[in-house]
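Undergrad: Got a structure here, written out as structure tokens. Questions coming.
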Amino acid sequence: MNTSQSLATQNLDYNSDTYRDSFSRINGIVIEGEQEAYDNFMSLAELLPEFAEELIELGKMERGHRKSFEACGKNLDVIPDLERARDFFADLRQLFQTAATHQKVPTCLLIQSLVIECFAIAAYHNYIPVADNFARKITQSVVKDEYHHLNFGSLWLKQHFAEVKTEIETANRQILPMILRMLNQVESDVKVLGMNKLEIVEEFMVHYGEALHQMGFKTTEILRLSSQALTA
Ligand code: Y39
Ligand code: FE
Ligand code: FE
Ligand code: FE
């Protein structure tokens, strides 16, 4: 039994004010995150016309995720804090949109299809053992989709590895500290929901490191890229 499974045995009162208050912020972040993932895949479909059909399909899955997580909020009778969630994603959205404007496809793919997807997989995976029954089933099916989204990006980047390597290193330096800062901002809410920030960081690093390995980075390079997170 790992630590995240043992957390499931702690008593969480899904109807308490404390739980619902934190849930409104995390649920807002997840709903807004799924919406932005949809927007990002639509931008990618324009940037990569030869994969437009596939990318639009991936985007539609994100729209479905948003609806699913909206249902999780309704089920607990919680109103998601979307305004705060938009602030939460402001820097990340800016980073993606600037890259899209400059047609930097590798940067856009690294941001959405690797980093954000690994962040989602780590967070959802850690949430499943401590979620209410309704949200657990939904999150289990959502997380399966996120693996497909991750796979698209790592495959494309692998096929263009030599040309994109330098751009990826630059983008990594910008985005990793940002993701860690975002996670720090939600640490206390994540704790109220029965999750653990450090476990999310660990799982993020494992998935991200594996994706970088798949693309073609060597172990020493992966460690160097990962260490950029320490500047958060
Ligand atoms: O590809 C996707 O579906 C990603 C947008 C979704 C990530 C949503 C943000 C998850 C972070 C939760 C923060 C609390 C741990
Ligand atoms: Fe999603
Ligand atoms: Fe896990
Ligand atoms: Fe996704």
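Cβ atoms are placed via backbone N, Cα and C, with glycine included.
Per TrEMBL, Fe cation 1 binding site is recorded for Glu34, Glu62, His65. Taken from TrEMBL, the feature Fe cation 2 binding site applies to Glu62, Glu117, His149.
Help me picture these features in the structure, burial and contacts included.
TA: Under the three-state DSSP scheme, Glu34 (Fe cation 1 binding site) falls in the helix class. Taking the Cβ of Glu34 (Fe cation 1 binding site) as reference, residues of its chain lying under 8 Å away and at least six apart in sequence are, in sequence order, Glu62, Arg63, His65, Arg66, Phe69.
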Undergrad: Which binding-site residues out of Glu34, Glu62, Glu117 lie by ligand 2, going by a Cβ under 6 Å?
TA: Glu34, Glu62
Undergrad: Hey, for the Fe cation 1 site built from Glu34, Glu62, His65, who else sits with CB inside 8 A of the CB center?
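TA: Residues close to the Fe cation 1 site, other than Glu34, Glu62, His65: Gly33, Gln35, Ala37, Tyr38, Met61, Arg63, Gly64, Arg66, Ser68, Phe69, Val142.
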Undergrad: Which residues does His149 (Fe cation 2 binding site) neighbour through Cβ under 8 Å, counting only same-chain ones at least six apart?
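TA: Residues satisfying the criterion: Ala37, Leu58, Met61, Glu62, Gln112, Ser113, Glu117.
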Undergrad: An 8 Å radius from the center of the Glu62, Glu117, His149 Cβ atoms defines the neighbourhood of the Fe cation 2 site; name the other residues of that chain inside it, in order.
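TA: Nearby residues not in the site list: Ala37, Phe41, Leu58, Met61, Gln112, Ser113, Ile116, Ala120, Asp145, Glu146, His148, Leu150.
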